[in-house]
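Some notes on the structure that comes next.
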């Protein structure tokens, strides 16, 4: 968090070195995350995620398009029938996953739009003018950036499919299910950072190197320097850990239909995503409050000294 | 004197042994065998005998459905409706021929079942270990009763009987045959056939009781499984034999044909699966009818049970019920320990049907009550306390019921069954006190190991000075503890039953020793301790509390294994230079791919069905290798040594003697291993025709023997003479003589890997073809992991050097020690898990059924106590042993001897290698100890669980054996391998400590 202070204070100080404290406080809040909208968007986002996970698969707006070859109905013991609420989710896991993936595409596009806006506000460096031109330039290329980000998401989904197999997913059978899980994970983890930070490329230009090392710093070293990075890293980690934990109940001999592959890791991933998004929001809010508190303290101290 | 670090490893191993011993003593059950025998006051115990003689034919592993008139659907063409004589005769005359589905008490091994059938008692879990040794029965048995009444006994077949009843049979009518040669399908059976018919034809009727024990069906099951033409041929042969027996037997002879146990789908047995416990029984009389079919038998006495997938339920009995039945039919007393109940049908005969049956049941119940009374007044009598009240109630109910009614019969049978149930529960009785003593020693042992491990980490190069006094104190306090234990036993022995003096002494000695060790080397708990919590180990050990996770462990291990490599991969992305980055990521990928491929191979547990497909064999009922493996085996055997050589080449450690070792010893041994098992496959699948069998058998035995000798004797001798893989080149640059030591960078790792290769070769031969591919993959994974570890360590030390005040010190080899990070516990986790994965991948499970008996005949065509035990143990525990032996490599790989820096010339060159190697050894001991603790706790807590004998107890026993294998491996590795290498290196560099040898790296 110390470094996040730096990024905020550095560009400000040369411009308004001796401003009135009130205005300084105002500036501080505009250049950091707009807390109110951030909290409300995270709230809407996580609620929509629960909706996508639990309710979207019960609709059948795709009609016959989404009916995959039915396997033998998942067995459940007669004496303990499963809750009717779960019935629609477990009858065909592939369809469930497909609906969730479709929901995820819409949801993450919307969410990534916000993340990008915040990121551009905080991540682009330089003077106010430079920033403005840079942002304008980036915004004009929104469409191609979005296309690249989706491309990266798709490419990563193939890689994640391979990784899932390495972790023990069946190699030849159930491929479609495994792939939908891989796709879901990659939509949740890759799209937002790819859309806001930009995709890492192999080029030797300084921009490419900086970009690459930003990805390494965030997703391999987990070192965070501002609230946006926190939400990206936390949600990616949360998704992966949730998915990892979701594997555990599969082995239990309860013979429940919801233990079918890949329902538990998929729902684990979604739960992990929601929990970690809220966690990131809480941590961000706490830091913000702490910062504002110190700032008020300073203001008071300055006023007193006057 | 013993170096302190070897003393330490021995100390830890001894603590393990004590803990395992104490826990096992309390957990595994024992039954007191009473030596009383039954005598009847009145002649024939009041029951008129029906037959003078009996022929008792045991067809080993004759599962019920093999003789069932309504076999399961779908009908197998290989073993259903082939042995049809019983059903034919039953259809002809149901009053003279009866077929039952008999429940054989687990463990379903032949020795246990022979004991059960002849004494009528229940086996306990501990008995099973005696299967090889056999041990004569001191208890009352039908053979003893027959001898007492002066009857003559004849025997032919499985020689297990001879070890159990060494002098029961008439010497001129005894024809035992070796029982352990599973590959021999016919000798025993032909021997029985050869000797049985002359006795039957003999007009003088020389025998009163004839036992014929056929082994062929069992051997066919073990060798090729029940779904094989051999099984069909075997059963057809049995059918013909029985036809001849029926033809030749006379009218007052009783014929009993039974299987001692069943077999599972792949033809093995030992456990308590329903297929293993369902044995067939057929009783036939040529003359007098056995039962009266004209009137209905009292309902409520007869039980029916459906065989899996069979359409109709069939009459089912306990297998031990046959004992009181034939005793009374032959007119002899029921053996004293019997818990079986007479089969009602066979006494429902004659004019006074109800009276006969009631009398028989009364004799039976009285015998059981006498037994229970005697047991209760014995030293173990308190075991019966819990059940005594219900036994009394059932007994009193008999007196209260009106004679000659159905309910009288029902109360009699009920009493017998209550007694049987009570005894089953009783011999599942534990000694919780001893178990808790064992558990506390194991837990303290784990804490002490952890404390020492941390101490090693902190003391760095001064570990020898740090360790010696502590070890000495621990030894002293163990002596004190032993004395205290002896004293404590003297004082409180009356209060704590079932704990002997030696157990007290052992417990207090270990307790004092471990507690002292923990106190004197109390680890500092820092924030680093918390962040380095071994989450994988904790999850792994805790998972044993669930039966699902225990029997899915073979899938959980690769999952955890791949997870354990993730931190290294993340580290790989942020490595400081491209070379390290590629190395870490590339080798991690190689590692995970190997792990995933290893995980494909599995021999499924019964509980994993229907979610598991056998891939270790071609199919679940055909124990031969899958076809792709047959093609792969030879290329793999050639490629593996080449791969090792290639990896050693990275540090130029393939020079010197290592090339010789790999090419002259490892490659031929691996090839011989592959060849042996290919020939074994050719033999059992008869691909070359019958004519080749003898040649194949003979030559493959010699191949195995020769490669054993070659690898162990010649390879071992060469290694111990020239262990180092260094090549010393001298060149002259003008006046100056330049000495280059090639392979110096991996001076410890490469000779240790070669040393490891000797054991790899041995385990490789003892492993079946699919397992060999798995072992090869595991070896590749191991070396890949070592490279990952080395690169990550390089990355760390480079970063540490850059972070230090003098970044250029990264170029100074003498200073690297300060930056070279010590191995962490997390570095040992993948190697430990790799051992377990290799165990599962080589066709094992934590069940008794999965032992690969085929390997018993590797070095000898017939069973040999020493060699067969050795090869079976190397087959089962070999993988775990190998990777425990490999653990020190984590500390040795790519570590060069330390340069004596000018300022401190006394630093020994091998101090770091010794320290790290020992730490790694201790680490893997801790991992397996934690697993043992997890399984022991789960077995103790869940000792009344339905699955305890099926899941928890076998896993505990596996964990105990694995830990012992690990202990032996690290002692060999550190005590023999590392010791030899370091002493040779020390001798090599003696005399030139001040001029550090020129290092030629990479």
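Backbone N, Cα and C atoms are what each Cβ position is placed from, and that goes for glycine too.
Where the annotation comes from TrEMBL, it is an automatic prediction and has not been curated.
Worth saying up front: this structure is predicted, and the values here are computed from it rather than measured.
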Per TrEMBL, the range holding transmembrane segment, considering B:375-397, B:398-420, B:743-765:
B:743-765
TrEMBL annotation of transmembrane segment - which of the ranges B:353-374, B:529-550, B:793-814, B:815-836 it falls on:
B:529-550
Where else in the chain does the transmembrane segment (B:433-456) make close Cβ contacts, counting only residues six or more beyond its ends and a cut-off under 8 Å?
8, 12, 15-16, 18-27, 463, 466-467, 470, 496, 498-499, 503, 507, 510-511, 514-515, 517-518, 521-524, 529, 825, 915, 918-919, 922-923, 925-926, 929-930, 932-933, 936-937, 940
For the transmembrane segment (B:880-900): best-contacting stretch of B:556-573, B:585-603, B:664-682, B:743-765, B:956-978, by Cβ pairs under 8 Å:
B:743-765
Sort the residues of the domain 'GPI ethanolamine phosphate transferase 2 C-terminal' (B:833-976) into helix, strand and coil with DSSP and give the three counts.
100 helix, 0 strand, 44 coil
When only pairs 6 or more apart in sequence are counted, do the transmembrane segment (B:6-24) and the transmembrane segment (B:702-722) reach 3 or more Cβ pairs under 8 Å?
no
Residues of the parent chain within Cβ reach of the transmembrane segment (B:477-496), under 8 Å, 6 or more residues beyond its termini:
433, 504-513, 515-516
